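One structure below.
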């Protein structure tokens, strides 16, 4: 019998690399398509007096260059309604999405969602070319887009979780999770190209990009190692050791040799069953407040920079990307530290504690100079997005393959959807509250963000105490061994 052309280990590594690259591109395009609204806001209601006299000579001279219906004094509330339409639909849809994600082929589910996301993103931008000035058109498009974008996160985390075991999951997923910030940066830069000339293209081009990546994903993404004859990662074997199973080495071999084995696993976990996994509730509630802060920056930071630092729409959009640069560094740092210490909750809590005073400082001294602004944006981005990145990636994957599941790997998509769905409630509340509070002053918006950071930290207290006790008992055992 001739030897195989490619050794199993090398084949597995190739598919792991392919999975990381494809899922990275997929979620980069998701965030790339979400970012333009924050860039375009300042163009929908700009400072018309800076552009010169009103060429139309009508009575509404102060807002002649604004895009109706955002030309009134309540434009911030309308912007908040746009954000909320997307994010509330996203939060509601996320709890359902994980259930579908475990019962449908992930490749079809993800690709279909990306094509539909591209369609609705383009429809928002086409409102410019079709000269649409009806608020409900933009609201309905945002709601539809929010619903179909829920296909992304549970699917990509489940795919990555299927291919990677615990090991250095925090570091790997911390680096991989930079897709969020990379997508935000690219979305800001792409939207900035047309924001002042034809803002509709700021949505149409990202819509085309996400649809194209979705089609690529359909043809090349491999959902599970068993689909190509590779061995599943270690976390499935580790989880099965609690029951009366075969030795880990034998179990791993059986899984790779028998493609029918995954079919014989328990059925997909229920919603309540996922909630009973230790840590799911705590991390979900923590993410609610952490994501509230992150998404408030995502949707309102460019407008804040325009209003406070008086930059142009394009300059504010470019400067806001530094917050996402910090997010990349924060996600990698959080994953590395949590891998080294084994304390996911403690890592999140420490970063949240430091983030609160840094947000206060950014609001008060962050606009004192371009150098100060750049440094503060990077630091705040790292501290705000680090815990958010860690919870939505490594923590979700850990809990979705928790030892209490006894080898049932089908919980991964549901657990991910519960955690990110709860976080999305905060993502919806943040921009909405910012829209309601910002007319009273930006200071009050930052006080709201600081309070959310503190609450996120407090909600992890029980898990942090458990981790600290585990470290203490481990140290005590080691000292006991030294004495004996």
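Quick reminder: no glycine exception, Cβ is built from N, Cα and C everywhere.
TrEMBL lists region 'Disordered' for one of the ranges 170-192, 193-215, 216-238, 239-261, namely 239-261. TrEMBL lists transmembrane segment for one of the ranges 303-320, 321-338, namely 321-338.
Across 78-101, 176-195, 345-362, stretch 176-195 shows the highest tally of CB pairs under 8 A with the transmembrane segment (321-338). It is 374-399 that, among the stretches 78-101, 345-362, 374-399, forms the most Cβ pairs under 8 Å with the transmembrane segment (280-301). Counting residues 6+ beyond its ends, the transmembrane segment (136-164) has Cβ neighbours under 8 Å at 15-16, 19-20, 23, 26-27, 30, 33-34, 81-82, 85-90, 92-94, 96-98, 101-102, 106, 109-110, 112-114, 116-117, 120-121, 123-124, 127, 172-173, 176, 221, 223-225, 232-233, 235, 392-393, 396-397, 400-401, 409, 412-414, 416-417, 420-421 in the same chain.
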